[in-house]
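According to Swiss-Prot, the protein carries these features:
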BINDING   CYS417, CYS423, CYS463, CYS467  [4Fe-4S] cluster binding site
BINDING   CYS467  siroheme binding site
Amino acid sequence: MTTARPVKTRNEGQWALGDREPLNDTEKIKLADGPLNVRERIINVYAKQGFDSIDKSDLRGRFRWMGLYTQREQGYDGSWTGDDNTDKIEAKYFMMRVRSDGKAMSAHTMRTLGQISTEFARDTADISDRENLQLHWIRIEDVPEIWRRLESVGLQTTEACGDCPRGIHGSPLAGDSLDEVLDPSPAIEEIVRRSLNNPEYANLPRKYKTAVSGLQDVSHETHDVAFVGVEHPEHGPGLDLWVGGGLSTNPMLAQRLSVWVPLDEVPDVWEAVTQLFRDYGYRRLRAKARLKFLVKDWGIEKFREILEQEYLNRRLIDGPAPAPVKHTIDHVGVQKIKNGLNAVGVAPIAGRVSGTTLSAVADLMEQVGSDRARWTPFQKLVILDVPDDKVDELVTGLDALGLPSRPSSWRKNTMACTGIEFCKLSFAETRVRTQTLVPELERRLADVDAQLDAPISVHLNGCPNSCARIQVADIGFKGQWIDNGDGTSVEGFQVHLGGGLGEQSGFGRKLRQHKVTSEELGDYIDRVTRKYLEGRNDGETFASWALRADEEELR
């Protein structure tokens, strides 16, 4: 009789288990020098000596912690995308990500962003679906001056990227919404105060995304950690804790810990979850290093047990689940807020604006007496504190800038990532393409728009990373370089259908072996929308129909 040899557990680089040896190149870079230290080199060395002086481990590693990615060299289509061609497609310019952390921006702040864009970024500016503003064509020589101007108005790019707590999602109407359970702004401010520029949290296993909102308006199910407003029958208003969300190539929705957290304890609980991720998170394979993989392997009960016993030293209060929302809360349009004034939400196509536009928005804000505005998680802009007698004036002025507050459903519900215009990871054009796709859909589907009981969301992403949240859209497109049917390859997309959040949370379905070329996007959306209207049952949503429809109907 032979004794079975014990199975050796693979070293996943979990610090809490004593596995401190770096197991991939990024972990080695972080160990060699703390990522936050690169700021001084940017200011004192690279900005003075130019792009060619930048050390590669800083350029492709630590720069991310300063909100900087090199952008794609112009003229290289999706066939060039891949690690083997990084040297060829990497331009000597940067995308700079400016985080907002749910803060309201004054007219002066908005104008400062506009001026930075026009002076240093060739008038580019994109509102991301993480409530950030992204600028392009940034030269390393200009970074210190841009930082100086941003920081003078309370903004920063620090840790807008990297293996660290990214910018925090907060409600665009935090403290203002008539429907919020509570205003969590103090908790967000305290989390940022504790975490930003803190070496204790600057070396997490992977990116770490947080949402804190008194409303379900921040896509909380797709975050690593999220706190959502909920009313406890005994304890009153507080927040419901979710962990383990994230999309990309292994999408997972966050799960409830079934606990109720009072507002003043949110920063402590957030730190405990973050420390747990730092210590127990996987650091061997980058593709398996997000918190969601740990939550999946442990299960939610073990996660809560370790959180309470090892990090909080107390038991959390059991809490009720918030009722899931039926429709996306995007804050587009005009609505009353708590102070009796109005919020006006507008919809640029897929978040694309410009420095010139932002400066003009600042002028309009001052003209109508508003001094607060926020980005949204759906690539929109909301202007707050607008008096009743100034709403029409503001709406007219914003319309003239291409920022409608009464947009078509297609404009309102289309999102896109950066795409091949600037992103080295992309296989397809996305944001630029939406600028013509949305008007095309408005024209082609005008005859059936009134038949849509609820709008159909369309999300375009240039690669599998799902920055534009394609798996939770009614119609999601994932960029690929595809066979054109004649032996050649062209830019195209894999189709995802029937995803959603809230009451219909799920990832929908992927059509097997069905790809759509970029030129066919309008045709495809037109075709599948009309088939839905022909084949739906009474009151049936697009997502529900898409999940049950024959695959042939969806092609």
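Start at 1 and count along the chain as shown; that gives each residue its number.
Glycine is no exception: its Cβ is also placed from the backbone N, Cα and C atoms.
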DSSP-derived structure type at CYS423 ([4Fe-4S] cluster binding site), helix or strand or else coil: coil
Same chain, 6+ residues apart, C-beta under 8 Å of the C-beta of CYS417 ([4Fe-4S] cluster binding site), given in sequence order: CYS423, SER426, THR430, ARG431, LEU460, ASN461, GLY462, CYS463, ASN465, CYS467, ALA468
Cβ packing number for CYS423 ([4Fe-4S] cluster binding site), 10 Å threshold: 23
Packing count at CYS463 ([4Fe-4S] cluster binding site) (other Cβ atoms within 10 Å of its Cβ): 23
